[in-house]
Amino acid sequence: MNRRTYLGAVGTTVTGLSVVLAGCEGAPGAGVDETDTDGEESPSPSPTAEGEPETTAGGGETETAGGRTAGTTSQLPNTIEMVTDGSDYYFTPVGLYVEPGETITWVNESGDHSSTAYAESLDAASVTRIPEGAEAWNSGILSESGASFEHTFQETGTYDYFCIPHAALGMVGRLVVGEPGGPATEGQPPNGELPSSEAIVDRGAISHDEFTG
């Protein structure tokens, strides 16, 4: 959503001024012709260095729904990082809103992680916390830095998911597709705490640092 307002150009009116110069005969500088103007001046464009690119408003950044800004991996829309930071293991943003039909990409920034839906149809999950009729997903373990997995979400509702190696350490995440709904709107997942569906819809994206404070 573009929140920037551009200002219109402001014109400048210059009042004409006729100047009559009188010189003393024989004085230094005498004999130089002075020309009266009609008072109208045309502004000259500011010079720019040859080859210098033109800068667009906003510094070339792209603002997206939920206040996210495209630029780096962590800022790309619909992208979730999988992070190992010392003894902390987490997804960020930990809560993300998307529209039905959009694709989410998980990127492994560090460590060994998975993105796995809480769906009893998967051997790794003991409960179901995705909408009825929704397709479950499991990325498997991603070990290389920069490795990624993506999944497209069609059914509206709230989706909870976890990292297989680090579920017991609280590495869980939540998505809201279109609007809250389904079993994930009731309480918290078995392995950790997550922001409410309503907060995710309201803010668009909630980072791990914002949620844990």
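Glycine is no exception: its Cβ is also placed from the backbone N, Cα and C atoms.
Taken from TrEMBL, the feature region 'Disordered' applies to 27-79, 180-213. Positions annotated as compositional bias 'Low complexity' by TrEMBL: 47-74. Residues or ranges marked as domain 'Blue (type 1) copper' by TrEMBL: 82-177. According to TrEMBL, the Cu cation binding site annotation covers Cys163, His166, Met171.
Annotated features, which come from TrEMBL, shown on the structure.
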residue: Cys163; record: Cu cation binding site; CB count, 10 Å: 28
residue: His166; record: Cu cation binding site; CB count, 10 Å: 22
residue: Met171; record: Cu cation binding site; CB count, 10 Å: 27
Around the Cu cation site recorded as Cys163, His166, Met171, what other same-chain residues have a C-beta within 8 angstroms of the site's C-beta center? Met82, Tyr89, Tyr90, Phe91, His113, Ser114, Phe162, Ile164, Pro165, Ala167, Leu169, Gly170, Val172
At a C-beta cut-off of under 8 Å, are there same-chain residues at least 6 beyond the region 'Disordered' (180-213) that contact it? List them, or none. 65-68, 83, 90-97, 118, 126-132, 134, 156-160, 162, 167-168, 170-174
Please spell out the DSSP helix, strand and coil residue counts for the domain 'Blue (type 1) copper' (82-177). 3 helix, 41 strand, 52 coil
